[in-house]
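Notes for the one structure printed next.
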Amino acid sequence: MLPSQTLLHTAVFALTVLQALASDTFIAAVYEHAVILPDATDEPVSPEDALALMNKNMDVLEEAIKEAAQQGAHIIVTPEDGIYGWRFTRETIYPYLEDIPDPAVNWIPCTDPTRFAPTPVQERLSCMARNNSIYVVANIGDKKLCNSSDLGCPSDGRYQYNTDVVFDPEGKLLARYHKYNLFRRETQFNYPKEPEAITFETPFGKFGIFTCFDILFHEPAVVLVSELQVDTVLFPTAWMNVLPFLTAVEFHSAWAMGMGVNLLSANTHNISLAMTGSGLFTPEGPAAYHYDSGTEEGRLLLAELSARPRLSPTYPPAVNWSLYATSIKKFPEEKDTFSGAVRRDIFTFSELRCKAGNYTVCQGDLCCHLVYRMLNKSKDEVYVLGAFDGLHGSLIKYHWQICTLLKCKSTDLSTCGQPVETAQTKFEMFSLSGTFDTNYVFPEVLYSGVQLAPGEFKVLRDGRLKSKHGTSQPLVTATLFGRLYEKDLPHPLRTSPYNITP
């Protein structure tokens, strides 16, 4: 006969599953964590010291997981680097790594902790999931031994991976994902030999998972959504905000709308590195989001989401992103244009000199069209229409097509493209479109104070991004981000045997 505690847990888990099955929605949570970082060191710490640091972070995460479960959440996502931080070399991160088995082994670390020893982090995460009857998503480090017969084996005899793990409400290891698109500073980790497309089924839809920089690339991001048809993407991230375009809440919300899926985005929180911005994003816009560049506090977010958004009556229709823009004949290209840099990207800009007008700006194969009326143009503010068609990035280069209505930092046109957080000018209306060469276009509007504009704009089937009833807040940017994955350059770091895995 089963012990009473086990019977109680089984009953609670069964009730949770039945509740999820009875509804077309589920409650999701993300936690933005102010990570407790290790002291900087050139020498590896002891395994005991590494575990002590990780336990401090897991203490915080456990409280967030308990609170989310008490509020009815079925799943919670925690951030990339959320358990040990990011101040590491390849050698100094090693004490923080565990060997994470293939989930096919059907393992519950909480009840069988010695099966793959030592795995104290996986054991604790498993127990957090099991004790709270909730799916738990976390980011940890995986290590795999290799030998000289493997031509890609690093000289230290091991592979090291930036890894996401998912534990189900019973505490079973359900999914494991090795990050494929490492950011240039992640020299402590190896690239998988092939990109992994990790999916799993739940009572509330089909889920996929990837990490941070992965979102910008075809594999695995587009593969999961377009080919494998996931409903929801789990997204641990350590995203450093880059205004005016690549703030976390702005781009992640745009990506969810452009791809037509739920995105559960959990960011780390470190204002000295401009890390903040988490959210529960849907095809219709953000259900909940958080951006805080002023404090060092974490934040738990919850929202009820559609389990299968493609079946929802409010699911946005398919968009032909170039239909309207390619049909325009009456807007001649602006002659009075100038170049401006958004970080390293050289845009073609045209100043919006009047309170209302029609503008066209072109660069490369992309022409961007704007119709607008300003409501209360400030004399101290300048707005431009901008176009960019080219490769973005310093070491790792990928192809953007961007149309943007953009506030400049000052009235000096040379500041157009520099970071801006605040504005004073509202718009009575705007309509932005472009002659995109891709179906992968991500729309978003950013208001003053790095605030989104849910419900205040729409995307028409002909590719126009339009305000519904003007802007309720001063506008910083309205942007269409296009990605031409087929024009990306080969990844410069994956050619090294040191970064190839079996």
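Placed from the backbone N, Cα and C atoms, the Cβ positions cover glycine too.
Positions annotated as active site, proton acceptor by TrEMBL: E80. Feature annotation from TrEMBL assigns active site, nucleophile to C212. According to TrEMBL, the feature domain 'CN hydrolase' maps to 31-307. Residues or ranges marked as signal peptide in TrEMBL: 1-22.
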In the chain carrying the residue listed as 'active site, proton acceptor', residues 6 or more apart in sequence that have Cβ under 8 angstroms from it: N139, N162, T211, C212, P236, T237, A238, A266, T268
Overall pLDDT of the domain 'CN hydrolase' (31-307), taken as the mean: 96
CB contacts for the residue listed as 'active site, nucleophile' [other CB atoms within 10 A, all chains]: 27
